[in-house]
Amino acid sequence: MAAFVGALKKFSICLILWLNTLPFLQGGSDYYEFKYPFIKRASSFWASSSSFSSSNTDEASYDYIIVGGGTAGCPLAATLSQNFRVLVLERGGVPFSNVNVSFLSNFHIALADTSPTSASQPFVSTDGVINSRARVLGGGTCINAGFYTRANSGFIRRVGWDERLVNESYPWVEKQIIHQPKLAQWQGAFKDSLLDVGVSPYNGFTYNHIHGTKVGGTLFDRFGRRHTAAELLASANPKMLTVLVYATVQKVLFDQTGRRPRAMGVIFKDENGNQHQAFLTNNRRSEVILSCGAIGTPQMLMLSGIGPKAELDKLNISMVLRNEFVGKGMADNPMNSVFVPTNRPVEQSLIQTVGITKIGVYIESSSGFGQSQDSIRCHHGILSAEIGQLSTIPPKQRTPEAIQAFIKRKRDLPHEAFKGGFILEKIARPISTGHLNLVNTNIDDNPSVTFNYFHHPHDLQRCVDGIRMVAKVIQSKHFTNFTRCDKPTVEKLLNMSVKANINLIPKHTNDTKSLEQFCKDTVITIWHYHGGCHVGKVVNPDLKVLGTNRLRIVDGSTFNESPGTNPQGTVLMMGRYMGIKILRRRLGKAAHV
């Protein structure tokens, strides 16, 4: 009887999983068109025009035009649509029927897909570190590792946000798309090891950013299905919202007849390459809001004629407003990692447990992405050549040729060489910053980005300290008991893996010079880049673009630092927060939010 009950329980779980995933596997398009009838292809936009009128008052005009339907853009649109007519223009497609986006087990494949219609667009910084930016409705929430946390309280104070409204905006997001993870065994061993080396206290499951060790939230539900910012659009007023996918905005249009340039609308192209124009209403409070992310927003400003004079002049872009700070202060939190081999298979897990240290580093972990049968052919997890990491090859040597050579060699490696996981160490609030420059006037092409990883010696010292702590975590009895790897086994796996460009623990952790070189040679990204449109330099505290009317920025390009261990929670909250602030300022109590 017990066996029958057990089998019935397993069957029920499988049935629930199948029913939950059915919309993604069959008729995904019909499913999202039913639930989100306001999402349409850009070519359906009927109000195309070859000229614009500053007196445009027909029904083709909008109260708000949001450029970028990403992590901030979706909650912002859902909020503003409660009272106003909103148009969202997203250059990518929908995430709902994309299995690479939808399931945790395919996390790496979405990043490895570099085709023109992929949800992930790769770019290489001048530092040599290969990176990714989102190109899909829902933005980075569709391609990231899913970890959710709130910002540290110091960040909220430094940016000058209303803490009460912040604490109302986070739960709005959390109730809709955030979940408590079922802690993987690997993550449990990692948690115990962090506590063993002094990253304490244990704060349990919490969204809050607190010193010590904690388990955070995740975008993945118990079936391993990802929930994204795009789902927040279900909270929108469908009669007041239009979302166009495959709508690539090329520039913002301005009326320059007054004292200050005044945003009037945008030019965008659809999936067929046809150009369209969309306009704001004549109300002085209508706005174009850029939510293109830390790479896309500075690029969009410059292509629209706002930026450093030299940048605009070199590409013959007509200047609307000179601002030498656009594209400056770009930062990316450098990450380094160590591969931990196991003597047994481990389940797949992305970031669940984090260590928030007092030395300015965060420690996280992932497991099991190197052992599926397609791993040897196409990937081995977060540190995959196909997603640009090639972690033991110094950044400047991570060429396309090196990647192809790696892929070819990897096919010959035994399956056992890829069992295990990674311990990741990320620098909090890097001092080193860089810049973003245009390469050409094609919005589809990536701009040139420099982050200057470890340019400041304090960043490098924190990496050294962090790697030493990672070494202690790996050598903790909790991890060695879990991995079941004695020293001979580790050496055997190292010999098998020597061609796989996998970082194992540095042999000489007391040698600072050696660790400094390790940090420089193995630096990668965890995709938390930010800056380029800082408050006080490009935007005011309300995020309105300085020197203009009716133009605002709502995304991570305005940040001086990446909030919390992982920024997506705060960027999601930011969309809701700014939407409420705009509504309250415009309507007062009549906003009803």
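In case you wondered, yes, glycine gets a Cβ from its N, Cα and C as well.
Under the heading FAD binding site, TrEMBL lists Glu90, Arg91, Val136, Val249, Trp527, His528, Gly556, Pro567, Gln568. The disulfide bond annotation in TrEMBL covers Cys463-Cys519. Sequence annotations record features per position, and here TrEMBL assigns domain 'Glucose-methanol-choline oxidoreductase N-terminal' to 293-307. As annotated by TrEMBL, signal peptide applies to 1-27.
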Segment-level pLDDT (mean, integer) for the domain 'Glucose-methanol-choline oxidoreductase N-terminal' (293-307): 98
Least buried by Cβ count (within 10 Å) of the recorded positions Cys463, Trp527: Trp527
FAD site span - longest C-alpha distance across Glu90, Arg91, Val136, Val249, Trp527, His528, Gly556, Pro567, Gln568, in Å: 25
DSSP helix/strand/coil residue counts for the domain 'Glucose-methanol-choline oxidoreductase N-terminal' (293-307): 11 helix, 2 strand, 2 coil
Inter-residue Cα distance where the pair is Cys463 (disulfide bond) and Gln568 (FAD binding site), in Å: 23
Cys463 (disulfide bond) versus binding-site residues Glu90, Val136, Trp527, Gly556 - nearest by Cα: Trp527
Recorded positions (Glu90, Val136, Cys519, Gly556, Gln568), the one with most neighbouring Cβ atoms at 10 Å: Glu90
Length of the line joining the Cα atoms of Glu90 (FAD binding site) and Cys519 (disulfide bond), in Å: 37
